[in-house]
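Copied over from TrEMBL, here are the features:
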DOMAIN    D:131-434  domain 'NADH:quinone oxidoreductase/Mrp antiporter transmembrane'
TRANSMEM  D:13-34  transmembrane segment
TRANSMEM  D:43-62  transmembrane segment
TRANSMEM  D:82-101  transmembrane segment
TRANSMEM  D:113-129  transmembrane segment
TRANSMEM  D:135-154  transmembrane segment
TRANSMEM  D:166-190  transmembrane segment
TRANSMEM  D:210-230  transmembrane segment
TRANSMEM  D:251-272  transmembrane segment
TRANSMEM  D:292-311  transmembrane segment
TRANSMEM  D:347-368  transmembrane segment
TRANSMEM  D:389-421  transmembrane segment
TRANSMEM  D:465-486  transmembrane segment
Amino acid sequence: MMENAWLIPLIPLFSSVILLIFGKQLRESAAYIGILAVLVSFICSVIVLVERIDAPTYKQEIVWLVTGEVNITAGFEVTALNTLLLVMVSLVSCLVQIYSKGYMEGEKRFSIFYTYLGFFTFAMLGLVLSPNLLQLYFFWELVGLGSFLLIGFYFYKKEAKEAAKKAFIMTRIGDLGLLIAIILLFWKTGSFDFQEIFSSIGAGEISGGMLTLIALLLFAGAVGKSGQFPLHSWLPDAMEGPTPVSALIHAATMVAAGVYLVAVTFPIFSASSTAMETVAVIGGFTAIFAASIALVQKDIKRILAYSTISQLGYMMLALGTAGYTAGIFHLLTHAFFKALLFLAAGSIIHAIHTQDIYKMGGLWKKMRLTSPLFLIGALSISGVPLLSGFFSKDEILVSAWVNGNFLLFWIAMITAFLTSFYVFRLFFLIFTGQPKTEVVSKESPFSMVLPMGILGILAVCSGYIQTPWFGSYLGEFLVKGNKFLLVPAHSEGPAWIMAAAAVFSLSGILLAYLIYVKQTISRNFLIKEGSFINTTLINKYFIDETYYFTVGKTVKGLALFCSYIERFVIGGFEWAVTGTIRSLGSAGARLQSGQVQVYGVAVFAGLAVLVIIYALTGGLIR
Amino acid sequence: MTFLLSVLVFSPILGILLLLLTSKQHESNLKMFGFIGTVPPLLVSLILYQYYASGASLADFTIKNNWIRFGNLSQYDAKLFTVDYELAIDGFSLVLVLMTALLTSLAAFASHSIKKEWKGYFVLLLFLEIGMLGVFTAQNLVLFFLFFELTLISAFFLVGKWGFAEKEKAAYSFLLYNGIGSAILLIVIMILFARAGTTNIQALTHIITIGGVPTIAPISATMKYALLVGLVAAFAIKLPIFPMHRWMVMVHVEAPTPIVMLHAGVLLKIGAYGMIRFGMGIFPEQFKSVAIYLAVLGVINFLYGAFMAFIQTDFKRVLAYSSISHMGVVLIGLGSLQAAGVQGAVFQVVSHGLIAALLFYLVGIIQEKTDTSLISDLGGLAKTVPRLSGWLLAGSFASLGLPGMSGFVSEFLAFLGLFKSEPWLAAIGSIGIVMTAVYMLRAVLDITFGKEKEKYEHLTDLNWLQQIPAGILLLLIVSIGVYPSLLGEPLQRTLDAIMIGIGR
Amino acid sequence: MTEVPLSAYLVLALVLFCIGLYGALTKRNTVIVLISIELMLNAANINFVAFSRLGVTPSITGQVFSLFSITIAAAEAAVGLAILMALYRRKKTVNIDEMDTLKH
Amino acid sequence: MDLQTMLNYHWEAMIPEFIILGTTVLLTLLDLFWPPYIKRRRLAWIGLIGILLSLLSLLAVLPIEVVSILDDSFRLDSFAKAFKMLLLVGAAFVMLLAESYEPKEGMKEQRGEFYYLFLTALLGAMIMTSSGDLITLFIGLELLSISSYILAGIRKHHTASNEAAMKYVISGGISTAITLFGMSYLYGLTGSTNLKAMSIIMKETVDTQFLYLFGLAFFMVLVGLSFKIASAPFHMWAPDVYQGAPIPVTAFLSVVSKTAGFAIILRILLSLYREVWGDAVGAFSFFESNSIYIAFLAGITMIIGNVVALRQRNLKRLFAYSSIAHAGYLLVAFATLGGQYFLFDTFWFYLLAYLFMNLGAFAVIQVVSGNTEQEGIDMLTGLYQRSPWLAVAMGISILSLAGIPGTAGFIAKVSIFLGAFAVDPGFYVLAAIMAGTTVISYIYYFGILVQLFLRSSIIQTKPKVPAGINILVAVCVLMTILFGLAPNIALDFFHQHFGDLLDF
């Protein structure tokens, strides 16, 4: 199957093309085509994964374009990392598509939605399979397009429009860095191919400074896609898209692409300590930064979005501290439980048509299936022991500790605390207490519950592929046979870390419980309503405003400057030239006074001038 | 086989005759014949491509007959001061000819929006096509100039008569700017002709680069520079390069949309073609030393166009400035003097031709339906005319260089080249890549997304017939974007020749 | 008797020419303008005659030339006056500065 | 000399002149004796026949070698043949124009002389082209001048016409005087009026004093004769006279009389000054060291002609300025002496082209203005709707005047450019001015085209076109295109029958 792995992305593409053309006729049944297609590619990817476990990396390429002496190639590659992500992506995509069948019921542009989903899945899978940076960039952008289309699915909503635009442009800023990095790498190593690049780096063909620069530019791309600070602010706005989309793209797959990028180009980073530092710091900062914002938001999806950002920060932190396995591990687990959370949130929104958590409450009894599933997700993300989140987060903390980066380590700890706090703030506000809205909400249809169920299971047990007790299969699998990867399959850390992590997360839950259920502690215990910090957090540290007043204004200003040049400098010049010619003409016409004697004078003057010049120069000038 | 090129270039005459024979009232007939007239060149060019694809050498098609002989110097040398009628085609020309033939057919197809005087319109359109085809196949500068001016004149009338409100003003600024350009070009050509006694491109290349051939009067080193600068200036106006671009904006706003399709699609490309064929081809040494300035100009164009497009209120103006910006990419590529860069420039010539044609085709339809192209007047079209909006969105993504579409390949290659030769310049220029996304999305989303205006509720969407041109164009754009070798193959030999010329 | 030097004639002719030119360019009366033109032509004639007698290589041709030019001058004057008559009939004036309906 | 020698002369060489003379006499007599009820128009036809006959006879005498009669006072050399051909063709067309000319007050007044005065003028022009003696040249000049004075004022009861004639006479008189004065010095310095003899003496002169005087004489003659070709600053009579004179006369002045003017300038100045020393040691020829002056005249002529033309609203006046501009272009060729390869053929071809394009335009103007007195540009408004044929014909003539490729005007300009650049150092500034002013000329030429095609008119009356004019227009347009696309039909003819005018 491995040699046919290229089929995996193409099947969803094919389905989406079909839907694009015949969508009008198919209507709701479009869902089945989409689901079927992605199901097939899921099965294929599972097969590939199984084959890969005890087979070497498989790679196949064709010449894409010849420029100068260089052949730019395109193809696909089946590495350990690829296969894992293949499975993850196709699985989540499949579940989300099943989910959407119920969620999007009655939507006029139902088939279009599935077309977009299919296209996105294609792009994401293609990204994962890319054997070289150029192809990766190629799909990288297409993924962005998919995300753009799906965010803007409700195009008639102004917010959706703005969000879509913002998402595309902000990520593109990062992508520019990636593009430049690719170009620089090409001129330094003469190839886009990962293997060749790594080998020539290994051979130390690139100077340290240049390497750092390249790594940072690469990271810029990752920052854009994974919504890391400072390019994070598009992700919360992206929640304007339909909830399944948020689950698929903005929780599980696309946003993880940034992490994937860093992971896949890990040898480049590991070659430059500065770059590693930066990744770790940005990751750590983003983690706590986003978590702190999540504390005070009141839109359920936005809270989850910020939590996503924060979790991605975790992964970056992991990679930055050489926790290669940890990063990937958390990427997988997070994909499951965050998707679960989003889908659950979706089913809640589906039921009561609001996203404001203060308008919710007391749903526990009403939604018998959604509620426990949401709870699983919540527990898993807040790292309660024995759930997947617990293990992956522990892995990260350990790698941070082993790396000896204690500041970041403690930041991660605190973030763990904050995480569990805001997640359970969310949980309690939604499910406990008195219902605030009179909407008679019923449980969501089976098509929506089933995916949640599956994800729930995964959220619980996906952690056991990499545990300190039962061995680190994941790590082994990833590291084995990858000669460019100089990291341990599993980093050993002191046992107390695990305990501490558990304590932190549980205390977070406890605090939330006390505040929002028991209400023994006032809500203003931590931060007073309307206090400076509170407003700052509610306004997300005024990041958007800052951007508007700096970048936005600068661009506008430059544009105006150009238009002034156009109007006054160039226009003025045109005006001057034409004016001169015209005035010359009128002068000549005025000389033509109609007085024949004037003409005579002109003749005589002409003669005189010629003769005089001739006389003065003695007729011997040249 | 040699007759084939003459047939290619002059086949539109059939259509012209057909039109002249029909009475000027028969609107439908005239429109039909007008379209039919553009078919023969398309067929011939496809035949040519077929020959090429089947491995035949394009050199077989070269045609060369005596035409004009100035002066009475036959006693010295029979070929002295002669201008031959010589057409030839290579990969580069072939691609452009194909594009020209195709776009003209599409433009003729899109000309159903023309309201009056169809006879004159289509006759001029076909003359324009003759001119464009001739420009890309002419093998000496005088012949080139002849066809060049033919395009100028017919375009002048097409803009001036069938354009929108400010048509005559636009036609005049088109005429004068290009007039200045062609005046400079003529002087350059004449100096070469008078000094070398020939205008044949190969002969000139030999004389300029290798030398050792006795000339009527010496061509000093400084003069070579002067000539090159003249050439570049002349084609810079055509391209257009900041600050000689204002006419082009006017034309794009005022001209009838089928003509803008051709203008943005092909006529602007003549500038690029000239720079590559004559600038780099005949004066490689000198070109190398001015390349850096071209690169700088290119970056300026790229950014200037982008920023201007960002604040335009009329969608046509946005597209006009985006054309300026994209022509900057051509300069960036040429200025880089890298194989990749030059390749990117050539790719951009083709790619932008297709993309601009697509976008203007759609704008034309929008204007036809809503009588406006002001962004503020439009909005929420996706609701009422989803297909139209879909094509528009696709077109705009192609234009902002989304991978998988031709625009990306050319931009990438151009910058790949420039980063090698002038990293800092390239770094500055690359800001434009983001800006492109910014202004394109701003404009297109304001038109298609958002709340729909009730006055447009009754709009009818595209029918399948109207979608054909868009479909063809997008198909080409995507297939080049997905598998650029389609384009890379035919261009390879030309590019190699150029690169050898500039010694890289 | 001593020969009058050639230069004297040339100067005379030049002076005459200038007088004629001056008159032609300044006088308001068209008749006088025409006469002044005659003066200029005659200046040329003096040159011819003088040269034919005292030139570098004396020859009769100059006198022939002057005869021709006299005749031509007469014809020109006649035409000029005729046209002036026609004009006078329409405008009732011979003032040259009033003939300015055609201008710019 | 006795009768015998008289009879031994090859009088057959003078047959063309004789025929014209005979026709003139015949017309005079017919005009005298025909009863009044017979339309005098028929005289025009007879005159036309006479002209054609003499054209035929000219073709008949083409092969015979150089003939010199009465010691060069009449010589038939290639130069004479070449220019006579132009004159005769031009005169024939003008005669056609005159035949159908119909002023408001009708042709009662000026009966026959209108037609045969053209012939006398033509005769004068022909003498000017083919004489090797100052005296006969001068007489020819005056014959032309005086006849055209009368022609300009032929409309006795039309103030403008009278005024034009008056101005023409006065400025003509002044320039005649200047010419004559200059000639007198030439005679004085050489003691002969025979160009050959004079040139022999002059080329042997080494005394700087004499060379200096030659220079003065040169300028006097040049200025005096520049009056005929209306080059600045000796052009100022032209606009007024062109405007006031009847259209056929205007046409005659702008074509035949101008051709004759150039003929005599070349004849006198070239044959006298070609080998005169330009400095004390004879390192440079006279023209080499003084071309700067002619170049200067050419420059201001082109500038004034084109720039002032922008302001004109009266068509005849506009064409006056345009013809001034064209005189400027030709002076460029004179200043550069055609870069020694392209002197005479340039002049000849340019004048030929100018003849066709200008007369074509004038014919259309005359038809359209009909017997209404209106001559403003607006009278052409929307001509395309009223009479497409005329509009297209006019359009082509205008394009040719503007020097657009594909028309004879372009080839003519090209050969001038060739002349300007084929020498080292080339006349770059002059050529630049020429190119620049050409672009300026686009403004008013295309202004006319805009009126013709782009605007639509209020009046819908179709102008009625006499057969004669139709033929004339057809021939003119045909030739303009033909010589534009296949100039060698004319050029080869020239080179075959006239060679390089070595027997000049």
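Note: Cβ is positioned from N, Cα and C throughout, glycine not excepted.
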Long-range Cβ neighbours of the transmembrane segment (D:113-129) (under 8 Å; 6 or more residues past either end): 16-17, 20-21, 23-24, 27-28, 31, 40, 43-44, 47, 50-51, 74, 79-80, 83-84, 87-88, 91, 94-95, 98-99, 107, 136-137, 139-145, 147-148, 150-151, 154, 248, 252, 256-257, 259-260, 263-264, 267
The transmembrane segment (D:347-368) vs the transmembrane segment (D:251-272): 3 or more CB pairs under 8 Å: yes
Non-local residues, at least 6 beyond the ends, that sit with Cβ under 8 Å of the transmembrane segment (D:292-311): 219, 222, 226, 231-233, 235, 318, 321-329, 331-332, 334-336, 427, 429-430, 433-434, 437-438, 440-441, 443-444
Proximity of the transmembrane segment (D:389-421) to the transmembrane segment (D:82-101), 3+ C-beta pairs under 8 angstroms: no
Positions on the same chain near the transmembrane segment (D:82-101), where near means CB under 8 A and six or more residues out: 16, 41, 44-45, 47-48, 51-52, 54-55, 58, 107, 114-115, 118-119, 122, 125-126, 129-130, 246-248, 251-252, 255-256, 259-260, 263, 344, 348, 351-352, 355, 359, 362-363, 366-367, 466, 468-469, 471-472, 475-476, 494, 497-498, 501
Long-range Cβ neighbours of the transmembrane segment (D:43-62) (under 8 Å; 6 or more residues past either end): 12-13, 15-17, 19-20, 22-24, 26-27, 30-31, 76, 81, 84-85, 88-89, 91-92, 95-96, 98-99, 112, 115-116, 118-119, 122, 497
Remote residues contacting the transmembrane segment (D:13-34) - C-beta distance under 8 A, at least 6 residues beyond either end: 40, 43, 46-47, 49-51, 53-55, 57-58, 60-61, 64, 67, 69, 74, 76, 84, 88, 111-113, 115-116, 119-120, 122-123, 126-127
